[in-house]
Amino acid sequence: MRLLKIPAFFCLAVAWSLTVSAQQDGANFGAVDEAGYPPLLVQTCFSCHGPGGQSQSPAIPSIAGLPRDYLLNVLAAYRYGGRFGTIMDRIMGAYDKPQVEIMADYFSRQPYRVNKQDAKWQLVDRGRQLHRRYCRECHGDGLQPSGKGAPLLIGAWMDYLRWTIRDYLIGINQGDEEMSRQLARLLRNHGEPGLEALIHYYGKGRP
């Protein structure tokens, strides 16, 4: 995961301080309090991913509304080296499995949000065609999930998508075989312009 404008030490410090504070105070770290506020555990994620997991930064993904099992797999990949992160690998080393499950449970229940951003309308129709050919089977059609457990991509931050797809292509993120094949086919048949059109389709936020 890439970050802009938010220093890595700041995010680490926030996560560490909230964790230590809750443990020292004897707080129930994973519980929702009587007022209905989120568990303190997941609030450690808000400093980067935004309240409720709805990111305000184009460099950081929104994690609200993503499938629970997908979140568990991604967080485990950060912890064990299967996914590149500027700080997520270090952050995840501080949490045990039950805590990670609390995070995944909470964020998967939050509403999915389509981020508002500028996309080139000239590329959107082409990107829609490419999505339907290469990505729809796993990532769903518009805001309709596929049922295969892959996250929706419509409305995701375009900057984050560019960096993350690049990390998959050069091998520092490990995807499944089908995803690797489809990305390779897309690039072979349509090149970088095709990939950029796909990203602008997602960024437009409309099916």
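Residue numbers in this text run from 1 along the chain shown.
Every residue gets a Cβ built from N, Cα and C, even glycine.
Note that the structure is predicted; figures quoted are calculated from it, not measured.
Feature annotations, reproduced from TrEMBL:
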BINDING   CYS45, CYS48, HIS49, MET88  heme c 1 binding site
BINDING   CYS135, CYS138, HIS139  heme c 2 binding site
DOMAIN    31-111  domain 'Cytochrome c'
SIGNAL    1-22  signal peptide
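Features as recorded by TrEMBL, highlighted on the structure.
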| residue | record | DSSP (3 states) |
| --- | --- | --- |
| CYS45 | heme c 1 binding site | coil |
| MET88 | heme c 1 binding site | helix |
| CYS135 | heme c 2 binding site | helix |
- Determine the mean pLDDT over the domain 'Cytochrome c' (31-111), rounding to the nearest whole number. 89
- Residue among binding-site residues HIS49, HIS139 with least C-beta crowding, 10 angstrom cut-off: HIS139
- Item | Candidate with the highest Cβ count within 10 Å, taken from the binding-site residues CYS45, CYS48, CYS135 | CYS48
- Cα-nearest neighbour of HIS49 (heme c 1 binding site) within the listed binding-site residues, CYS135, CYS138, HIS139: HIS139
- Task: Taking Cα atoms as reference points, rank the binding-site residues CYS135, CYS138, HIS139 by distance from CYS48 (heme c 1 binding site) and give the first.
- Result: HIS139
- Maximum Cα-Cα separation (Å), residues CYS45, CYS48, HIS49, MET88 listed as binding heme c 1: 12
- Within 10 Å of each Cβ, count the other Cβ atoms and name the one among the binding-site residues MET88, CYS138 with the highest count. MET88
- Item | MET88 (heme c 1 binding site) and HIS139 (heme c 2 binding site), distance between Cα atoms, whole Å | 24
- Query: Any idea what the Cα distance is from CYS138 (heme c 2 binding site) over to MET88 (heme c 1 binding site), rounded to a whole Å?
  - Reply: 25
